[in-house]
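Novice: This is the feature table in Swiss-Prot:
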- Lys37: N6-(pyridoxal phosphate)lysine (MOD_RES)
- Lys37: active site, proton acceptor (ACT_SITE)
- Arg135, Met319: substrate binding site (BINDING)
- Tyr271: active site, proton acceptor (ACT_SITE)
Amino acid sequence: MLKRASFVEVNTHSLRHNFNAVKNIVPKDACVMAVVKANAYGAGAIKASEIFLQEGANYLGVATLDEALELRSHFSQTPILILGYSPNTNASMLIDNDLSAMVFSLEQAEVFSQMALKSQKRLKVHLKIDTGMHRLGLEPTFKSIETIKKIRALKGLEVEGIFTHLSNADSNIKTHAKNQMKVFNAFLEQLLDQKIEFQYRHAYNSAGILSLCNGNENRLLNLYRPGIMLYGFYPSNEMKESSQTILKNVISLKARIVQIKRVKKGEFIGYGEHFYTNEETLVGVLALGYADGLVRALGNRIQVAINNQLAPLIGKVCMDQCFVKLNDIEAKEGDEVILFGDKSTKANDASEIATLLNTIPYETISTLSKRLERVYV
């Protein structure tokens, strides 16, 4: 029984299909880290992780300690890597919950080592290398090799992996991505020359998986990190047009009509004066708003699907509610409205919503609030 008249519908068959699409692309003996940060990009981290693990995921990737702890409470043995920054104050929680952390400096590693020794436990870490995104990471230099030697010598740490992140493998021109991999591979080879090896070596996100697995740039990799493609979206429109891989929509934002009102001509609907009734208007009120992840700016800009018909979203989206115009639409209170989802329903998909808002589908789906229940079908 749903507690609200709005929800996120998650297609579990599509989750399985998309994960297996990854498995069909990466090398047969490769490991896969399913990235389930931001509540699995809106799909619900626990259920999505359960499905990915059933389908053969070897590792789960998140961005924050809280996300990792939520997963650990359900998956006691599964390897979980926090891909984002972990403050030194989180060290004891990382150790006590057998979580893996990203490390990018000797100072950070020393703190983690000290805490691990106090706990008489070991903390697994993955070293982040900055090959050209210029976010977090050690520079791929001789000096960093010396730093890595010092980190590996610290007691209490298990330096399990090394990785980098590709910044624009989703573009048509792969020069920068290939240059990043050239730098990363050269650095790995320099480390190997000094007998420094890692259980896991990873770099490819969804864009890398979809576009760079046919060359030899990934020859030293053995772990792959799919994110957005698991949830049915290509990293860019360019990739959608060029990819041979079929991905299936996972997430639909839905609500039910909670009241239908007949509003006379000459009235304004909702806050401000953003929709004027130039005729008698049937207005359907939905219990869904921008606090749920339906962007306020979508008012008066999109059509939604009701009983296989298209109806305009009118007025400004409120924090908890919004309006649809039902003139010439067969609808009644309680009927389902699809704000975005599978194209077969006539609704926009999240990619089209993102284009309208001059953003990317990552943002459209990952900002869907946790106060919306997830319904798995």
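Each position is counted from 1, following the chain as shown.
Glycine too: its Cβ is placed from the backbone N, Cα and C atoms.
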Novice: To the nearest whole angstrom, state the Cα distance for the pair the residue listed as 'N6-(pyridoxal phosphate)lysine' and Met319 (substrate binding site).
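Specialist: Just about 25 Å between their Cα atoms.
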Novice: Same-chain residues six or more away whose CB lies under 8 A from the CB of Tyr271 (active site, proton acceptor)?
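Specialist: Those within reach of Tyr271 (active site, proton acceptor), by Cβ under 8 Å and sequence separation of 6 or more, are Gly315, Lys316, Cys318.
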Novice: Cβ atoms within 10 Å, counted per site: which of Lys37, Arg135 has the most, among these recorded positions?
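Specialist: Counting Cβ neighbours within 10 Å, the top one is Lys37.
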Novice: When DSSP states are folded down to helix, strand and coil, where does Met319 (substrate binding site) land?
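Specialist: Note: Met319 (substrate binding site) is coil by DSSP, not helix or strand.
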Novice: Using Cβ-Cβ distances, find the residues under 8 Å from Met319 (substrate binding site) that belong to the same chain and are at least 6 apart in sequence, listing them in sequence order.
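Specialist: Correct list: Gly289, Tyr290, Ala291.
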Novice: Per DSSP, Arg135 (substrate binding site) is which: helix, strand or coil?
Specialist: coil
